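Novice: Below is the structure I would like to discuss, written out as structure tokens.
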Amino acid sequence: MTESKHFYQTFQPTHYNVYIDINRATKQISGTSTITGDAKEPTISVHEKYMTISSVTADGTDVPFTLDEAAEGLHIDLGKTGETTVAITYTAPLTDSMMGIYPSYYDLNGEKKQIIGTQFETTAARQAFPCVDEPEAKATFDLAIKFDEQPGETILSNMPEVKTENGVHYFDTTKKMSSYLIAFAFGDLQKKVTKTKSGVEVGVFATKAHQANELDFALDIAKRSIEFYEDFYQTPYPLPHSWQLALPDFSAGAMENWGLVTYREAYLLLDPANTALDMKQRVATVIAHELAHQWFGDLVTMKWWDDLWLNESFANMMEYVAIDAIEPDWHIWETFQTSDAPMALQRDATDGVQSVHVQVEDPAEIDALFDSAIVYAKGARMLVMARALVGDDALRKGLKAYFEAHQYNNAKGADLWAALGEASGMDVGSIMNTWLEQPGYPVVTAAVENGQLTLKQTQFFVGEGQDEGRQWKIPLNSNYAAAPAIFEDQTVTLGNYAELRQAAGEPFRVNVGNNSHFIVKYDDALLTDILDHVADLDAISQLQVLQDLRLLADGRQISYATVVPLLARFADNPATVVNAALYRIANNLKKFVTPDSAEEKALQTLFDRLSAQQVARLGWTPQATDTNDDQLTRPYVLNAALYAQNAQAIQDAHALFTANADHLGTLSADVRVLVLANEVKHFGTAELFDHLLAEYRTSTDPSYKADLAAAVTSTTDKALIAKLIEVFEDADTVKPQDLRAWYRGTLANNAAQQAAWDWLRNDWQWLEDTVGGDMEFTTYITVTAGVFHTPERFAEFKAFFEPKINTPGLTREIKMDTKVIGSRVSLIEDEKAAVNAAVAQAIQA
Ligand SMILES: [Zn+2]
């Protein structure tokens, strides 16, 4: 890619005085951005987007300027270089785009209210005030904000407020920081505050539509996370406060603005009395992620967006490191194994996937970088490998040095590797760059050839892939000492297998712990040896056996038909990680059967057999004696029993519904979604549908709302499906931020799929207008590709999306998802008969 010119090369700001006046009634923003900096050229460039510029002065004198819409900025003729103060006066509209400065809507006791908040990452600060909107352009900021203020309203920003004069709120000067991390918000808010051991003020803020105790969990996790990071990083939290703010409308999950982190309500607020453990863990890891960024991302920032992974991969690893330290009983790394690891392994197996480190210039392409499976999950796995290599002492020492060297400044990936290399005495960069710069990952084939135990690495693909002979430096983590620590050649021979096996006394394995980013294909003899001793393996290792078999089957290296007979031997395992891997395979089998066929009936019988014992053991009602595994496993097995049409399970769920019909929100959150969806599917009426929809509109509990959405989207009634599609575009019912879950639920429902797919195609323009500026827009394509598996849908998908392939930001996603569906369709066509025969065989046993 040609290097386009960054505005920072023309003008290097040191300080901003930003004044913004926001009028909610007229939906207008007006302001002046006064920027002092060093002009490197006589014509400088400053970003702005969607603004009307009324004047530009340099050192107090009007100067000529030209607007450049394509570059999202203006060029200002200074006629000189060197230290200059530029003042730009402007107006801009306040729009409902969830980007820049925007309103969030909510109801309080029947009254419609709003909070104004901000979302600037990646390139939307330029919609709020003219600035050099590039991460490298760090400066200090004095923010002054006026708005149509009502009594009792609160305003928050990165720094504490220092004074109010004539209705203008003035905030303390920030530290040197990037524009995309500036934030402010105002409205009628409630709060809970506390202090860390070191004196940092920590607060949680939300609308008054929530119960006060919904803020407690977040406050506790935020406080303890900051205390953990101050110790782990050996670097004090750099600001006086750390505010966490829940916004009713929010496009991403959360945003790490320095000192004022913003969240989707679902990822900050929860009912302490009735929230499922996995949701609590989710909220805790999101908070820990954003707070990890306060140092990694905010104090030290990537120089350019190509190193986005430095921010995100790191925060994604640290969220687990932190939560594991402050809530050790949760075994949170198990969640990493059931969410991040499979997500990364699946996506990274499709040819055409981005590497973790990507060259990028166009703003639309920058947003498309935020591929959660790659920049977050794969990047985190990469750093987990690095952490395992260097150890925690060197990691902490290296980080401390990294923060000292680059604080209030920027860094590149090489700077991190250098710091970790220095601290550990290892060439970390040369190992890690093979993972960072190359897309994809290897499958290591382990085989006994002529009596010799041999390993070979090749790139693993699901679907067609172009083998370019890529090689990785693979931390092998074998249980046999004969295996090298780092496997970097194409093949390696470990020695005489019979002797090695004899000496070790256990089956040969690599990637013990499942922390390196590769999968293993054992030959039949080695795999049989492992399976014969599978009961001796810990839960993660059992998960790994299932995970690798599933991927090998997706990649056509083995057949799903050979995996089916193995499932039963894992079915009674109490560990959640094993159940997660088991049901991931079982659920994949659903795509091989036609609705209402004999094959579907057989598969349902298989699900019944797999789940029966655990359903009997765990039941529908959480017990005080439940372990974490019990709590987390229960939904997997009950869901399986319901798919199996198990009459007892259907009746049990119905009985729970009936007993709680007047207060459905208080149904145990662990099983609530299953109870509600069961009721809609088997006992559904128009009245029930309307009642659940009304509950959705009035409830403020995000996890109850998610359950209600999942329930109503599972209706099989034609008239109700039509009603469902109608509410997609009714923002008073379904907020645009939540629409994707509704779309996914409806599309995955066989009875409603046609309606959902027609809606997407007919109203694509509406969707683009509504959430197109949002970095989650492309995931509507991903969600569609996750469901489709027939040749007919594949043809329709191509017919609709191929003409859009050159849309900036969509190109990679359309190409990848076309491959994803295509490979799935041919897998199913080729193996359908064999897989269904294997299922039939398994239920005979
Ligand atoms: Zn992040």
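Each Cβ is built from the backbone N, Cα and C atoms, and glycine gets one as well.
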Novice: Which of these, GLU265, GLU312, does TrEMBL list as part of the Zn(2+) site with HIS289, HIS293?
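Specialist: Candidate in the recorded Zn(2+) site: GLU312.
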Novice: Near GLU290 (active site, proton acceptor), which residues of its own chain have a C-beta under 8 A away, given they sit six or more steps off in sequence?
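Specialist: The list for GLU290 (active site, proton acceptor) reads GLN244, ALA254, MET255, GLU256, VAL261, TYR263, ALA315, given in order along the sequence.
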Novice: Name, in the order they occur in the sequence, the residues of the same chain whose CB lies under 8 A from the CB of HIS289 (Zn(2+) binding site) and which sit 6 or more residues away.
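Specialist: In sequence order, ALA254, GLU256, ALA315, ASN316, MET318, GLU319 meet the Cβ cut-off.
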Novice: Have a look around GLU312 (Zn(2+) binding site) and count the other CB atoms within 10 A of its CB, chains all included.
Specialist: 27
Novice: Suppose the Zn(2+) site is HIS289, HIS293, GLU312. Which further residues of the same chain have a Cβ inside 8 angstroms of that site's Cβ centroid?
Specialist: GLU256, GLU290, ALA292, PHE296, GLY297, ASN311, PHE314, ALA315, ASN316, MET318, GLU319, TYR376
Novice: So if I measure Cβ to Cβ from HIS293 (Zn(2+) binding site) and keep only same-chain residues at least 6 apart in sequence, which ones fall under 8 Å?
Specialist: GLU256, ASN311, ALA315
Novice: Including all protein chains shown, what's the count of other C-beta atoms within 10 A of the C-beta of TYR376 (site 'Transition state stabilizer')?
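Specialist: There are 25 such Cβ atoms around TYR376 (site 'Transition state stabilizer').
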Novice: How many Å separate the Cα atoms of TYR376 (site 'Transition state stabilizer') and GLU312 (Zn(2+) binding site)?
Specialist: 5
